[in-house]
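Report on the following structure.
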Amino acid sequence: MRYSKNFDVIVVGGGHAGTEAALASARMGCDTLLITHSIENLGAMSCNPSIGGIGKGHLVKEIDAMGGAMAAATDEAGIQFRILNSSKGPAVRATRAQGDRVLYKAAIRRRLENQPNLSLFQAAVDDLPVKGDEVQGVVTQMGLEFMAKKVVLTAGTFLDGKIHVGLNNYAGGRAGDPAAVSLSARLKELKLPQGRLKTGTPPRIDGLTIDFSVMLEQPGDLDPVPVFSYLGRPEQHPKQVPCWISHTNEKTHDIIRGGLDRSPMYTGVIKGVGPRYCPSIEDKIHRFASRNSHQIFLEPEGLTTNEFYPNGISTSLPFDVQWDLVRSIRGMESAVIVRPGYAIEYDFFDPRQLRHSLETKVIGGLYFAGQINGTTGYEEAAAQGMLAGINAGLAAKGKEPWLPKRSESYIGVLVDDLIARGVQEPYRMFTSRAEYRLSLREDNADMRLTAIGRDLGLVDDYRWGVFCRKQEAVSRETSRLQNIWVGPKSEAAPFVSQLLDQDLSHESSLAELLRRPGVTYESIIALGDGMWAPETLDEDLGLAAQISDQVEISVKYQGYIERQATEIARQEHNETLLLPESLDYSQVIGLSKEVQQKLNLHKPETLGQAGRISGVTPAALSLLLVHLKKDLGHTQEAHE
């Protein structure tokens with residue numbers, strides 16, 4: 001049976017990638033359908049009840065800058081907020097929030113149900129009908145056909161998912177949910193290159209059985225209280241609660257070692273590779289054998305539950321070993337497990353077979369986003385989902401895709417890393433992955449992306465108005481600081497000397513003073529009882545804080561940022577030089593067989609992408625550039 005209505009875009013999966021994809025497509029005016037096996041689990045935080053962190057928080061800010069839901073939902077559901085790396089430079093400062101699972105799901109579902117142009121349908125998808133090389137829609141488990149111009153697949157860990165607890169295993173997408181076995185088989189029929197990855201989760205603990213009095217309390221930040229969304233306010237936050245810190249010990253490690261003979265990871269039952277930066281406790285004990293202790297964060301799952309998430313002891317050991325290892329930890333001697341930890345193996349598809357739009361090269365109109373592409377983490381999934389939803393929507397309208405650059409966003413870094421390099425293990429974002437991270441900060445994601453989002457139809461009038469007000473205020477205040485001068489003999493000189501802890505030797509603008517070590521924007525405007533304070537930055541105190549932060553960072557780091565902008569411009573030429581899809585690299589004289597094979601395998605779209613493939617040297621790029629100019633006369637056409 002065929003459904004009575006056709007859609008512009010169908011999104012399969014209601015996790016973090018799927019919800020952002022569906023919302024983005026619908027905001028752009030596309031008639032969008034989100035199909036999920038469980039409407040109750042839309043936006044569920046399947047593992048750690050937190051959003052953000054180093055690199056990840058940057059992605060959330062970028063999603064928010066373009067009108068996405070994750071940051072705003074976190075402001076409504078976050079029960080603890082912290083700024084990580086607050087004492088370090090602005091490039092690596094990152095927001096992290098502990099979330100209430102129930103409140104977060106409710107916030108996401110409310111946005112989905114109230115989004116114009118978006119329909120929801122509960123069903124499992126088993127098939128993707130393809131005509132020629134173009135996807136036509138989806139077919140559900142009960143045989144119902146939904147037709148669409150474009151399809152976004154965000155299947156998470158559900159594709160042929162297998163859950164492991166000790167040597168016992170069973171099919172599942174996550175605890176309590178079925179695996180997508182038929183859909184996985186269908187994708188393999190389409191000859192898409194596939195592999196297996198693994199992730200895991202710790203046992204959940206009844207908080208009433210934990211002795212917090214012997215643990216270290218970890219409160220959130222209070223002055224100021226962070227927010228995630230550029231439109232967020234601390235007043236939106238629910239009740240704030242602490243996390244708690246404990247540690248494993250030698251007894252814990254002995255218990256784990258004693259159970260390794262029944263570990264699916266260490267007996268060869270699990271074949272998939274797990275995330276390097278979120279290892280299981282078994283891996284930690286094995287890889288860091290000399291350490292006698294590992295930190296554990298006891299994180300509350302929400303305000304209406306007693307469950308705690310012991311971050312740091314993800315495990316797939318048998319339940320009896322989990323029970324003993326938990327009870328060996330200080331403060332958890334009487335702890336009761338309410339949900340066992342487990343590992344899950346699942347199919348992923350090589351992201352090198354994707355275009356930068358996240359459309360598959362093999363099947364036109366089919367887009368992949370999230371863990372299906374080999375990533376790990378809610379934030380990485382949400383960023384891909386938004387991008388896939390945007391590009392599916394643009395394609396449905398007959399428009400060119402939006403391809404974010406590495407130099408303009410962490411989303412661009414993420415996608416380029418996946419497509420140029422592929423994955424050998426679950427990929428997670430770090431600030432260290434971005435070569436232009438001083439320009440890609442949390443505080444300026446809106447300055448980088450909101451105008452783009454507006455042009456794409458993603459940003460509503462209210463967000464646009466607030467952004468324009470902020471942008472104008474930052475420009476006005478920066479100019480004011482550049483045009484107020486103070487000399488050694490001026491009335492203000494004593495105040496400046498006191499601030500600098502030395503005499504002012506020459507005339508300086510306030511902007512120049514702000515660039516000095518230890519000088520802040522707040523200290524400048526407080527001089528002489530506020531003689532240089534602006535009349536007002538904005539009536540909205542939250543926006544005023546954003547403005548002052550933006551002014552201080554842009555002024556203080558102006559020289560570094562300008563040098564980075566020059567470097568970006570220099571790289572742009574080769575970065576955007578298009579490579580013909582039909583180019584046979586074995587015909588490029590001078591390239592080694594290895595490089596020829598890698599280029600023919602990956603089929604990079606631009607010279608910049610080619611340069612990020614492992615083993616492709618600058619010398620190889622020079623030979624390729626000569627070939628393009630000499631044999632193809634391609635240089636001019638590449639930029640048209």
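Counting begins at 1 with the first residue displayed.
Note: Cβ is positioned from N, Cα and C throughout, glycine not excepted.
In Swiss-Prot this protein carries:
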BINDING   Gly13, Gly14, Gly15, His16, Ala17, Gly18  FAD binding site
BINDING   274-288  NAD(+) binding site
Rounded inter-Cα distance in Å - Cys278 (NAD(+) binding site), Ala17 (FAD binding site): 20
Euclidean distance between Cα atoms of His286 (NAD(+) binding site) and His16 (FAD binding site), Å: 32
Gly13, Gly14, Gly15, His16, Ala17, Gly18 excluded, remaining Cβ within 8 Å of their centroid (FAD): Val11, Thr19, Glu20, Ala21, Thr36, Gly43, Thr154, Gly156, Gly370, Ala381, Gly385
Spatially closest candidate among Arg276, Glu282, His286, Phe288, the listed binding-site residues, to Gly14 (FAD binding site) (Cα to Cα): Arg276
C-alpha spacing of Gly18 (FAD binding site) relative to Glu282 (NAD(+) binding site), in angstrom: 32
For Gly15 (FAD binding site), the three-state class that DSSP assigns: coil
Integer Cα-Cα distance in angstrom, Ser280 (NAD(+) binding site) to Gly15 (FAD binding site): 23
Of the binding-site residues listed as Gly13, Gly15, Gly18, the one whose CA lies nearest the CA of Arg276 (NAD(+) binding site): Gly15
Which of Gly13, Gly14, Gly15, Gly18, Gly274, all binding-site residues, has a Cβ with the fewest other Cβ atoms inside 10 Å: Gly274
Using Cα positions only, nearest of the binding-site residues to Gly18 (FAD binding site) (Gly274, Lys284, His286, Phe288): Gly274
Lowest local Cβ density (other Cβ within 10 Å) among binding-site residues: His16, Arg276, Lys284: Arg276
Ser280 (NAD(+) binding site): tally of other CB atoms within 10 A of its CB: 25
Sparsest-packed of the listed binding-site residues (Ala17, Cys278) - C-beta count within 10 angstroms: Cys278
